[in-house]
Ligand code: PHE
């Protein structure tokens, strides 16, 4: 196995290179965090779970659970400077516990591979929709026509397969180029472009005449309608959107320069990610209501409702194209984060070149992606447990694997690692450190366990006295 070199000051260095600056790291993590999760998934899950109350629980999960987990991942990553599996094994031993912690890293690598297998298929949809928009497919189209366009597209397995192949190709291409030349170059351009485009769209949605109903849907909370299943979905979404609980952030943390503040960088990323999800909701829900559409429409929400809305606005072709370009960019930078742990592991474990590792991992994920491709056509009628095969992969990864691995990662950082190690990484034992330690030791683990056990029905209903 390849091991990281040690630099002059005795600190480990990553053999994959380092981010050139603090800003590059923030952009990379933001690029990974902001993706289909914010723009495609958040609105449709919030829509399916009734809006307001779900959104509030999601926000609580982001700040009380997601952020401490993110800080734990970055600090572990930077201390180990290897791929998540090797880092967990190394620190496990170094901190006087056991190298079996590598299984937590492996769980994360596996989660990333599984998530990317379906993420890439949806990323392929966004690519296809760029072309559909440019060619004016949606101009003046009726609701039935836009709906029919989406179902005829998703019912064609080879079209989905083709787009999935393209999207995987784009991902492998950037990852193969490495940290500084690939990942960093990509995010430097994409993240700022994304923000600019979102604000342009917000301007449009404010003028749609239904901005108030969109805001009301997102923020008026009816907690009575909230089930534990929705709370688990909100927690899963918090993990998914922040890219935490699978080693992606740990892998990126391994390339973080010594002097960068982990707390500051995490706060910037969490705020940017949450801001963009809320922004996406504010763009999408008013358009949904302005067109008499259903917020609980499911995975097709963005792909059906928005083209319809765009088709009826002046300059619609332009805005629709802009929107799907934005979504493709967002998905692309996130896919990089999903694949990075597995690629870094492959490079170190099998002593492969980065390019070889990217192609090997990419091919495995490409094959797995067919489970999702067929879930929308050939086997769409085969449903069990949570729905189609795609629904089950999504449930298993977002609602089970991410929280479970996030739980173990935080327990490792806050209970297994000694105080000196963590406070050294988090820049001293100030207030920020104490807040992190409290959240990571008690709040996050208890909350994750509680919500999870409640949702799967292991904990009984409390009889309110
Ligand atoms: N956070 C990304 C999104 O919101 C998805 C993702 C999850 C990326 C985990 C990397 C790791 O779309």
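Here the Cβ of each residue, glycine as well, is placed from N, Cα and C on the backbone.
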Annotated stretch (transmembrane segment, per TrEMBL) among the listed ranges 138-156, 157-175: 157-175
Region pair the transmembrane segment (438-459) / the transmembrane segment (52-76), three or more CB pairs under 8 Å: yes
Segment-segment contact (the transmembrane segment (157-175); the transmembrane segment (107-131)) at 3 or more Cβ pairs under 8 Å: yes
The transmembrane segment (107-131) and the transmembrane segment (267-289) contact flag, 3+ Cβ pairs under 8 angstroms: no
Positions whose Cβ lies under 8 angstroms from the transmembrane segment (187-206), at least six residues beyond its ends: 24, 27-28, 30-31, 34, 214, 276, 279-280, 282-284, 286-287, 313, 319, 322-323, 325-326, 329-330, 332-333, 336
Intrachain residues whose Cβ lies under 8 Å of the transmembrane segment (309-336), provided they are six or more past its termini: 28, 31-40, 116, 119-120, 122-123, 126-127, 129-130, 133-134, 136, 138-141, 146, 167, 170-171, 174-175, 182-183, 186-187, 190-191, 193-194, 197-198, 200-201, 204, 208, 243, 287-288, 290-291, 302
